Amino acid sequence: MNTTPRIGLGVDVHPIQPGRPCRLLGLLFDDADGCAGHSDGDVGAHALCDAVLSAAGLGDVGAVFGVDDPRWAGVSGADMLRHVADLTARHGFRVGNAAVQVIGNRPKVGPRRAEAQRVLSELLGAPVSVAATTTDGLGLTGRGEGLAAIATALVVPTG
């Protein structure tokens with residue numbers, strides 16, 4: 001039996017949609033516009049989903065949730081993470097730990113970092129660290145046109 005831990009990487013980018021609620025890292029931010037998308041536009045949760053799925057060899061968010069499947073329309077990033085954690089467990093892995101970095105100007109993640117880490121860790125059943133950065137005015141995130149996130153995850157075989 002293979003007992004080697006596996007590492008995955010996930011990236012997500014969405015454009016800002018003025019007036020849409022901002023859901024990020026499993027939290028609601030009242031002081032910023034949210035991202036457009038088939039689901040809730042939570043780039044942090046989506047990047048984490050991709051990282052876990054890729055580590056477990058289960059594809060990516062598009063393969064699991066689709067981009068136009070009505071069953072997943074408007075689904076929260078939190079529900080997506082729950083589903084990914086369950087799917088990963090059914091395929092013989094558990095999340096060991098994960099990290100996610102949000103790239104954008106707003107919302108400010110720092111003041112709610114501990115809350116986001118707690119929520120995401122509960123959803124995945126493993127420690128999740130959260131970081132944020134800007135691009136110093138460069139690109140779509142720097143101009144405030146979108147948000148991006150990159151994540152890594154370690155999964156461990158349970159067998």
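Every residue gets a Cβ built from N, Cα and C, even glycine.
What Swiss-Prot records for ASP12, HIS14, HIS46 is divalent metal cation binding site, and it gives sequence analysis as the kind of evidence. DSSP gives HIS14 (divalent metal cation binding site) a strand state.
Feature annotation from Swiss-Prot assigns 4-CDP-2-C-methyl-D-erythritol 2-phosphate binding site to ASP12, VAL13, HIS14, HIS38, SER39, ASP60, VAL61, GLY62, THR133, THR134, THR135, ASP136, ARG143; the stated evidence is sequence analysis. Around ASP12 (divalent metal cation binding site), the same-chain residues at least 6 positions away in sequence with a Cβ under 8 Å from its Cβ are VAL43, GLY44, HIS46, ALA47, ASP50, VAL61, ALA148, ALA149.
Sequence-distant neighbours of HIS38 (site 'Transition state stabilizer') (same chain, six or more apart, CB under 8 Å from its CB) are PHE65, GLY66, VAL67, ASP68, TRP72, ALA73, GLY74, listed in sequence order. According to Swiss-Prot, the feature site 'Transition state stabilizer' maps to HIS38 (among others).
THR134 (site 'Transition state stabilizer') falls within neither a helix nor a strand when secondary structure is assigned with DSSP, and so counts as coil. Spatially close to THR134 (site 'Transition state stabilizer') yet at least six residues away along the chain are ILE103, GLY104, ASN105, THR141, GLY142, judged by Cβ distances under 8 angstroms. Taken from Swiss-Prot, the feature site 'Transition state stabilizer' applies to THR134 (among others), supported by sequence analysis.
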For HIS38 (site 'Transition state stabilizer'), the three-state class that DSSP assigns: coil
Binding-site residues listed as SER39, THR135, least Cβ neighbours within 10 Å: THR135
Other CB atoms, at most 10 A from the CB of THR133 (4-CDP-2-C-methyl-D-erythritol 2-phosphate binding site): 13
Under 8 Å by Cβ from ARG143 (4-CDP-2-C-methyl-D-erythritol 2-phosphate binding site), same chain, sequence gap 6 or more: GLY137
C-alpha spacing of HIS14 (divalent metal cation binding site) relative to THR135 (4-CDP-2-C-methyl-D-erythritol 2-phosphate binding site), in angstrom: 15
